Amino acid sequence: MRILLISPNHAEGAWLQKALQESAHSLQRTEDLRDGLFVAGEEPFDAVIVMALDGALLPALHAILPGLSKVTTGATIIAVLGIEASASERSKMLRAGADACFRYPFSFIEMHERMHALLRTTAACGGGVQGGQHAQPASGAQRVQNAPQLDAGTREIVEGARRAELTRREYLLVECLLRQTNVPVPRDQMIRYAWPEKDDLDASTVNLVVSRLRRKLARQGMEVRIETISRYGYQLTLPAFDRDAR
């Protein structure tokens, strides 16, 4: 899942960032609300989490939520407020555009499951956008026929009865490719998704991880293929699509 975390530079934000990354999500973080609004409109995200633990930030958050909701059509927006935030203030955030609102301290497990539940509801209602816009998350309720699935709990790719264990980078790369099956995905997009914390990653690193992925898929006898698109990137090709193309 591709997540944007908007949070000031404090220990609570660092804790949430680490928890999300350890849950096998592709995470991008900004520390300012206005920067977050800009980034949210630049690329598709499945979810946006905004932390405003300081009560002084609440007016700015309330003012920016409608715009955030507009530029992230199909994304789930979660607001995390400070311990002093009243029920009235949390209700204001929901009316302004947040899909869920939590008061710190909160249960990460509960927030994580709520986020998944909201995404399932969006998918069931036909929300989200495919292709180069807001794609369905790879773990969403609706899947492309014959597409392999990702098991976030075990960090495995699953194709029928076959399973292959993946590293965190491999998992994120497959998730990125699964969002646009049978379509070429540029290498720089894959880097932003699987290495969001790296600004100058060498393309050879992507090639190395893809080669390792191919060997794992082949060892398990999986039919899905990762094809190289010369001077562009890679494409995840599904078995049925591959046969039809022939």
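Note that Cβ sites are derived from N, Cα and C of the backbone, with glycine treated the same way.
All TrEMBL annotations are machine predictions without curation.
Listed features, source TrEMBL:
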- 2-119: domain 'Response regulatory' (DOMAIN)
- Asp54: 4-aspartylphosphate (MOD_RES)
- 129-149: region 'Disordered' (REGION)
- 139-238: domain 'OmpR/PhoB-type' (DOMAIN)
Secondary structure content, the domain 'OmpR/PhoB-type' (139-238) (per DSSP, counts of residues):
36 helix, 23 strand, 41 coil
Using DSSP, how many residues in the domain 'Response regulatory' (2-119) fall into helix, strand and coil?
59 helix, 26 strand, 33 coil
Cβ-Cβ neighbours of Asp54 (4-aspartylphosphate) (radius 10 Å):
12
